[in-house]
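Look at TrEMBL and you will find 4-119 tagged as domain 'Tetrahydrofolate dehydrogenase/cyclohydrolase catalytic'. Annotation comment: TrEMBL describes 139-290 as domain 'Tetrahydrofolate dehydrogenase/cyclohydrolase NAD(P)-binding'. Annotated NADP(+) binding site per TrEMBL: G164, R165, S166, I234, in sequence order.
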Amino acid sequence: MILIDGKKTSQDIKNEIAARVAEIKAEGGKTPHLAAVLVGNDGASQTYVGAKVKACEEVGFQSTLVRLDSSVSEEELLKVVEDINENPDIDGLIVQLPLPKHISVDKVTNKIKPEKDVDGFTPANVGRMTLNWPAYVAATPYGIVELLKRYQIETSGKHCVVIGRSHIVGSPMSILMARNGYPGNATVTLTHSKTQNLAEICRTADILIVAIGKPEFVTADMVKPGAVVIDVGIHRIEDPSKKSGFRLIGDVKFDEVAPLASAITPVPGGVGPMTIAALLYNTLQSAEKKVFG
Ligand code: NAP
């Protein structure tokens, strides 16, 4: 069984990005620049944005953090996005979610210039990805694709079952696995809460991608021996034996599924660490005008 190491892979990607940034700077080029907008004081959001800013420093990017009070109006936030859209020095723009209830996420997302949408959330980028055009692919699907590539997992002609159809994970993953390319060319079954005989379908999967958001939902009896299992779920559960008082588990019952699988991502240390690498990669792509030309 191969343990797919997302922590190491994300560090490899960051090292590659840092090396490219050093080259750009040595050639007298512009330093890639990511702007993050954070609304309010949500603890988790502050941690995520903090980690993104720190990762920018690590690879030599410039970063700008725009902090707004949770009382900011939708109009004011849209104006901030517009200003960043028009700022030629900034290559990538992310608006940290969730936003306060009085602000429409769709309106704000749609305001982001697709050329700077390094989260890959705008309709333009989702459409481009679907058409197999150059696109900013959202962080989690990007991370999974990169893990499959770097671990040279064969996908062509395989049956890939995806559990979950969210816009940020399951749906884009099903499109990427079905498209004509590598990774891809798989025969894909996209399942959701209305799917019947889920366990039976899962047992036919050569590649099982699980993004259901239910702790340890996938058990050994749902997995074909030799399958590749990608666990997207992240759940915090209480564990008094840990200093922190909790530990992280995934959507897959790792201990019983791992011995069956030919390759599997652990939680933590699998898909999760890849997300920041994806954001940095997309920002570099933007700085180098690789997606929209
Ligand atoms: P989500 O938006 O809650 O979507 C869950 C999906 O699972 C939905 O499509 C839902 O179907 C389906 N589902 C629910 N119960 C089901 C059942 N009994 N049988 C089959 N399908 C079922 O979740 P998400 O945002 O995709 O996230 C999934 C998990 O990944 C969460 O644990 C989340 O924390 C984690 N996550 C991790 C990362 C990372 O970086 N590692 C990134 C994003 C998310 P319906 O559409 O019919 O409701």
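Positions of Cβ are set from backbone N, Cα and C atoms, glycine also.
Computed over the domain 'Tetrahydrofolate dehydrogenase/cyclohydrolase NAD(P)-binding' (139-290), the whole-number mean pLDDT of the model equals 97. Neighbour density for R165 (NADP(+) binding site): within 10 A of its CB lie 19 other CB atoms from the protein chains shown. Neighbour density for G164 (NADP(+) binding site): within 10 A of its CB lie 23 other CB atoms from the protein chains shown.
Across the domain 'Tetrahydrofolate dehydrogenase/cyclohydrolase catalytic' (4-119), the DSSP tally of helix, strand and coil residues reads 61 helix, 18 strand, 37 coil. Around I234 (NADP(+) binding site), the same-chain residues at least 6 positions away in sequence with a Cβ under 8 Å from its Cβ are L248, G250, V267, P268, G272.
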